[in-house]
Amino acid sequence: MTIDLSTMPGSSSSRLLDAAAGRKDMNFFKNRYVLGLTGVAGIGGFLFGYDTGVISGALLYIRDEFPAVKDNLFLQETIVSMALLGAILGAAGGGWINDAYGRKKSTLLADLMFALGSLVMCAAGGPYVLILGRLFVGLGVGIASVTAPVYIAEAAPSEIRGGLVSTNVLMITGGQFFSYLVNLGFTEVPGTWRWMLGVAAVPAIIQFVLMLFLPESPRWLYRKDEKAKAIAVLEQIYDSGRLEEEVELLALASMHEFQSNCTGSYLDIFRLKELRLAFFAGAGLQAFQQFTGINTVMYYSPTIVQMAGFTSNRLALLLSLVVAAMNASGTIVGIYLIDRCGRRRLALTSLAGVVLSLVILATAFILQSSSSLCGSLFSGSCQGVLGWFAVGGLALYIAFFSPGMGPVPWAVNSEIYPEAYRGMCGGMSATVNWISNLIVAQTFLSIVGWVGTGPTFLIIAGIAVLAFIFVALYVPETKGLSFEEVDLLWKERAWGSQGSHESLLGAAP
């Protein structure tokens, strides 16, 4: 559904919305200030990716060091998933922290959690201290997962907002790739897993220092009535003509918020129809991102590779490194496409490929499990071929998932909520992501034990089909729209074109 801007009245609101047509020709990628803000904020994404990815390799050596862990699948799953529990708490509280204290202070708090957790894990003398460190790191991950996309989105020009927010996802996948590289590099070093987990303190400290010199989000500053500071930040991003448009849009949004008495209550998220629809779309995308299996692959890819018949720890890590590199490379493709093809089309194409690749992956494991027939016909060669077939399915899955369902949920959730609710809704939506993530991480190995690897991937393929239907029905296209235009889109979905028209009339000066 689209908004017919041509029907809007000749007010200040109409004039500002008419300017949207010219934005597509503007290019802000050369603006070093915007890229600098994006890069520093993206370190939070890098830490997010590193701390969630590094455990996949470290777990192989933690099992060797602690006998209590080696034969206890539940304890292994807990070590992996405790960071996710922390992320749930961090995301749930991070939305409120963002709205109350700002994006900058939220980032600094996340860095403190990252550094503390990394040092605790590095020094852990047993599995339970290690789990405590994972909890601290998870708190940092949860706060960062809310803060970084919103901070970038609120500083980004609307026509390249999707690409810049997706840069944070590139940092996440880059962090996962780097974690695999570190895992591989430390395989022969004494204290292997301690180095793997402890090195994350370094980028956390770097971001903390750099963030001290960066400004607060201009939209948060304007909403907190620090208009001079907000305009000073915007002057570094836009030329004079575009600056006037952006300031007027902020003024209109602020006036509408005042007239509507929008105090940002959690109850409003479920009471207001347009906000409820937006949250349903955003939270649904976040849930399906996890239930379609991405972090099953990223957390357990060395284990999956070993299930496919490659028993060497080092070879498993090496093949998993290739998978992580493909994930990062696919995200770069997503950055290029998301502001050209749009969020919705990219997600639908991604999910179609995910279904295909999961069926291939499931088929490889199902055939491999029929070892008696296969062994009598081809002996060990069949197992080897099927092992590589499984790895190929894994690679194909990443190739389809990473450009679409990797960045799209984060980009959409950074732009679909009104100003007064962006932190709260973003935090709640990220919490849905982490709860889904926790369920997947805590149950994957157990489900594999109950029904087998092949059927498990078939279940995930079925969920991906449901995700495709969800996106087709409930997720609108937001490519190139300003925050104010996105607000109108949801009002039109909730109340029809008359509702969005009246909203503009009420906000017009």
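Using N, Cα and C of the backbone, Cβ positions are placed for all residues, glycine too.
Annotation source TrEMBL lists domain 'Major facilitator superfamily (MFS) profile' at 37-479.
Here TrEMBL flags 33-62 (among others) as transmembrane segment. A Cβ distance under 8 Å defines the sequence-distant neighbours of the transmembrane segment (33-62), meaning residues of its chain 6+ beyond its ends; these are 69, 76, 79-80, 83, 107, 110-111, 114, 117-118, 127, 130, 134, 137-138, 140-141, 144-145, 147-148, 151-152, 155-157, 164, 167-180, 182-184, 192-193, 196-197, 200, 203-204, 206-207, 210-211, 214, 236-237, 295, 298-303, 313, 316-317, 320, 324.
What TrEMBL records for 74-96 (among others) is transmembrane segment. Packing against the transmembrane segment (74-96) from elsewhere in the chain are residues 51-52, 55-56, 59, 62-63, 68, 106, 110, 113, 117, 127, 130-131, 134-147, 299, 423-428, 430-431, 433-435, 437-438, 441-446: each is 6 or more residues past its ends and has a CB under 8 Å from a CB in it.
According to TrEMBL, the transmembrane segment annotation covers 108-129 (among others).
The transmembrane segment annotation in TrEMBL covers 135-153 (among others).
Under the heading transmembrane segment, TrEMBL lists 165-186 (among others).
Residues of the same chain lying 6 or more positions beyond the ends of the transmembrane segment (192-214) and with a Cβ under 8 Å from any Cβ of it are 36-37, 40, 43-44, 46-47, 50-51, 54-55, 57-59, 61-62, 65, 104, 107-108, 111-112, 114-115, 117-119, 121-124, 133, 137, 140, 179, 182-183, 186. The transmembrane segment feature in TrEMBL is assigned to 192-214 (among others).
Residues annotated as transmembrane segment in TrEMBL: 277-300 (among others).
Summarising the annotation, TrEMBL assigns transmembrane segment to 315-338 (among others).
Per TrEMBL, the feature transmembrane segment maps to 345-367 (among others).
Non-local neighbours of the transmembrane segment (387-412) in the same chain are 149, 153, 161-162, 165-166, 168-170, 173, 281-282, 285-286, 288-289, 292-294, 297, 301, 304-305, 307-310, 319, 322-323, 326-331, 333-335, 337-338, 343, 346-354, 356-358, 360-361, 363-365, 368, 433, 467, 475, 478; each lies 6+ residues outside the stretch with a CB under 8 Å from one of its CB atoms. The feature transmembrane segment is assigned by TrEMBL to 387-412 (among others).
Same-chain residues lying 6 or more positions outside the transmembrane segment (432-451) and placing a CB less than 8 Å from one of its CB atoms are 73, 76-78, 80-81, 84-85, 87-88, 91, 142, 145, 283, 286-287, 289-291, 293, 295-296, 299-300, 303, 307, 409, 459. What TrEMBL records for 432-451 (among others) is transmembrane segment.
Positions annotated as transmembrane segment by TrEMBL: 457-475 (among others).
Only sequence-distant pairs (6 or more apart) were considered; of these, at least three Cβ pairs between the transmembrane segment (315-338) and the transmembrane segment (165-186) are under 8 A, so the stretches are in contact. It is 457-475 that, among the stretches 108-129, 135-153, 457-475, forms the most Cβ pairs under 8 Å with the transmembrane segment (277-300).
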